[in-house]
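Participant: In case it's useful when we look at the structure, here is the feature table from TrEMBL:
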DOMAIN    31-697  domain 'Myosin motor'
BINDING   G124, E125, S126, G127, A128, G129, K130, T131  ATP binding site
REGION    574-596  region 'Actin-binding'
DOMAIN    843-1017  domain 'TH1'
Amino acid sequence: RPNTQSLLHVVASDGVRAMMESALTARDRVGVQDFVLLENFTSEAAFIENLRKRFKENLIYTYIGSVLVSVNPYKDLEIYTKNHMERYRGVNFYEVSPHIYAVADNSYRSMRTERKDQCILISGESGAGKTEASKKILQYYAFTCPASEQVQTIKDRLLQSNPVLEAFGNAKTLRNDNSSRFGKYMDIQFDFKGAPVGGHIINYLLEKSRVVHQNHGERNFHIFYQLIEGGEEDLLRALGLERNPQQYQYLVKGNCPKVSSINDRSDWKMVRKALTVIGFNEDEVEELLNIIASVLHLGNVQYGGEEGNVCITSDTQIKYLARLLGVNGAVLTEALTHKKIIAKGEELMSPLNLEQASSARDALSKAVYGRTFTWLVNKINASLTYTDDSHKNYSVIGLLDIYGFEVFQHNSFEQFCINYCNEKLQQLFIELTLKSEQEEYEAEGITWEPEKFKGIISILDEECLRPGDASDLTFLEKLEDTVGGHAHFVTHKLADAKTRKVMGRDEFRLLHYAGEVNYNVNGFLDKNNDLLFRNLKEVMCMSENKILNQCFDREELSDKKRPETAATQFKASLAKLMEILMSKEPSYIRCIKPNDSKQAGRFDEVLIRHQVKYLGLMENLRVRRAGFAYRRRYEVFLQRYKSLCPDTWPNWQGKLADGVATLVKHLGYKPEEYKLGRSKIFIRFPKTLFATEELMICAQCFHHRHKFKPFLSFLFLSPIAIQAWWRGILARRRAQRRRQAADTIRRFIKGFIYRHRERCPENEYFLDYVRYSFLMKLHRNLPKNVLDKSWPTPPAALAEASEHLRKLCMQNMVWSYCKKISPEWKHQMEQKMIASELFKDKKDNYPQSVPKLFVSTRLNGEDINPKVVQALGSEKMKYAVPVTKYDRKGYKARPRQLLLTANSAVIIEETKLKQRIDYGALKGISVSSLSDGLFVLHVSSDDNKQKGDVVLQSDHVIETLTKIAICSDKINSININQGSITFTVGQGKEGIIDFTPGSELLVAKAKNGHLSVVSLLNLPHSQSDGFSKLKAEM
């Protein structure tokens, strides 16, 4: 059939030749996009050469059938945009070039159409790009899946779980700056609409030993450096941390505090944001960071003293630990220096030596961090839980991002577990791949030819616990006795002379599917037992930190059963993982690291050959090619190649199988080159397919060149006619716009000339424009708050309307402001309004009181004697303030307390009620107009209980008088006097207080017997500024 893309290539006279050459040489330049189509499929060199060709052209993805091989480019490629996601959405797996989006979309469509749970297994060594691959898959689902507001929240939490888990579970190693130091399996749950509605994460074997030790050139977990580098100063101060990782013993062993490719400060901000999105509240974040800081402080705990009598020499660290962990410091100190032993039902405390104490400290650090990491995963799972009960049945796509095969210079217990895991996964991979091949052939009625491949080697699955005086060396000896005869197990004792030269006496060697690995047994038993002393557990169980309370269950203390070893737990969890994976339809992504130096464009053939070997890629290819290299449904094959046979062109009317049989017979296929199934054709050799494809391209090119020559002439002339027509339309539009512009200018000028006349046809356009302009200007410049009195000047015709609008706007702002006022602020404003009515422009120190909030008391609870409270009985205290009382005779100053209740004002001297003034007996209140704090309470002479008026001084005189006026309902009885105040001393005698301004405050008895008060001169002060400050404080 005519192909539009082909037509574009044959416009030029030599276009046919150019297109043919391009098609025939493309494979030489970029290789094949499916390794199954390699002619020399058994050659490892051909396999790696195909990888190299594609890698050099930035084609990092290649298929082995349905398995995706991904090579880490160590640079950003523009192949993960939204346009690329759209390109792969809903498209057949082989219709587009290989991509991780194709695998993700294929799994999603299989889940939707077949209603079968799927899983995507991502494997490869550290630094090969496994974590990035899982991120790309999550991003693809987040973009392409249906979404609602609730679904969007789940999408956000799924995406934001990555930076949190990376911060707490990833670290810089020699091979990878962001190496996952734990295994992760994530289930993404989809509802019947195909929308992601939940998720669940299972973590495996966190490398806890990294908390206390790192090899040279490596770092601890990212979160420690992020906290120190990005944490706010107040936060670090509260945690007792310094902004220098070199100050902490757990961070200096790798001697690598900073990494050029890692920005700890920006990562910290990302983690804090992610914690909020996932649903952590501030208290949980605070307690989580307390734990992280406590681990650093634990590392700085130093021991001293004599052997057998160890003591802690760093008291500061214990104080921080007690506060951060929420435990008793003395109890923690004892637990870090002693071991609790239970013998014959009695508990004994045995002191630790220096080495044992250091090990106990490190064990506590690892336990606290490890259990907190598990709590963190559970917390994330809680936020991802699918809560809609109306649709309990959901489909699942699982993502397995787990550590790859590891071979280091020094391999210990962690590498032993990691490689055991990889053995199991490789066994599963081969088993499922072989099973899927057999099932497809059986479904199509094709005879399967079994492929003989190397079996997966069983590895050591034995507990490291030994009774009696067990040690790492006795463990090694038992291995020699038990499995020493196995062909894939070697120790120094069992090896030949050549092998002994490269093996230590404390090492054993296992031959894995990926190659030989030497394991050093030192530390195997301790790491496998992973024991924490009982008294340390008891301390953690008493923690006030809510997270640690959940991490350390008190039931552990009463459980007499010995806890399972780390290897046994890991083996059991791995067995459950295998069950999960076996229950799902698998897809595979095999990640390859091109070089150890993390350089873009560098292709290390030796390193890649090693990975191709241990990933079993050649084995997978041989399994796939044991049958047929190419398979397509009949309708797809016939649609593509029907033009090569006269009997099938342009349309085949009979059965599809008969049409394909006719087509391949015409093409000259030999019987051994193909098989016809029930719905597919299977082609054994790639060269058969390539020959057919090249024949197709040549036939199309020559056919198009002769048949479509008139059509090409038409294509050449058509754009000229279309351009001429379009230019005419554009020219007519421009002319119309010019005419309209001239009419508008003409009407505007005439309107301006007639602007002062009554509305008429000549000026109506201009007047409407002026009104519109004013209203738009008003819209852009409306007052922002009730204190903003600005208002645009209106034109004469809109003066009245403008005034109405101004009043409505002000009413609306006042209404909005009042609606937002809280009851507390309303009460505050009412008091301030009364104070303003009483003292504004009347008393000099009133402006200073405006920005200060009125409070319900100026005395603390402990300032008021309990006897006074008892004496008041049921009377509720409305206000309390310290005052100075001046005697009526001699004016001696005495400290007192003034309490206001609902019925009276009470003057207190320490524990005594010196004077009670009922509000009914209060005739008035006098105060000066100056800035002093003196005031006089005038009492009725008819009240026999009162000896005369009361002279008091308060540092908060405006507040105090306002409170008295409100409580006594004497707002109109406050007198502000100029110069002097006359008051009753008692028995008909009167006293006088004289007020004068001065440079300093002075209260003393004058020679004339009056009380003389010198008030400070008041500086100018803006009351509006005070109101602004008051509003800001509220």
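Think of each number as a place in line: the chain as shown, counted from 1.
Using the three backbone atoms N, Cα and C, a Cβ is placed for every residue, glycine included.
TrEMBL: automatically predicted annotations, no manual curation.
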Participant: Inside 8 A of the center formed by the CB atoms of G124, E125, S126, G127, A128, G129, K130, T131, which other residues of the chain have their CB, for the recorded ATP site?
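Facilitator: Apart from G124, E125, S126, G127, A128, G129, K130, T131, the close residues are N72, N176, S179, G404, C591, K593.
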Participant: In the region 'Actin-binding' (574-596), how many residues does DSSP put in helix, strand and coil?
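Facilitator: Split by secondary structure, the region 'Actin-binding' (574-596) comes out as 9 helix, 8 strand, 6 coil.
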Participant: Across all chains shown, how many C-beta atoms besides its own are within 10 angstroms of the C-beta of A128 (ATP binding site)?
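Facilitator: A128 (ATP binding site) is surrounded by 24 other Cβ atoms within 10 Å.
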Participant: For G124 (ATP binding site), just count the other CB atoms lying within 10 A of its CB, please.
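Facilitator: Excluding its own Cβ, the number within 10 Å is 26.
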Participant: How many other Cβ atoms sit within 10 Å of the Cβ of G129 (ATP binding site)?
Facilitator: 24
Participant: Could you tally the C-beta atoms, other than its own, that fall within 10 angstroms of the C-beta of K130 (ATP binding site)?
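Facilitator: Cβ-Cβ neighbours of K130 (ATP binding site) within 10 Å number 27.
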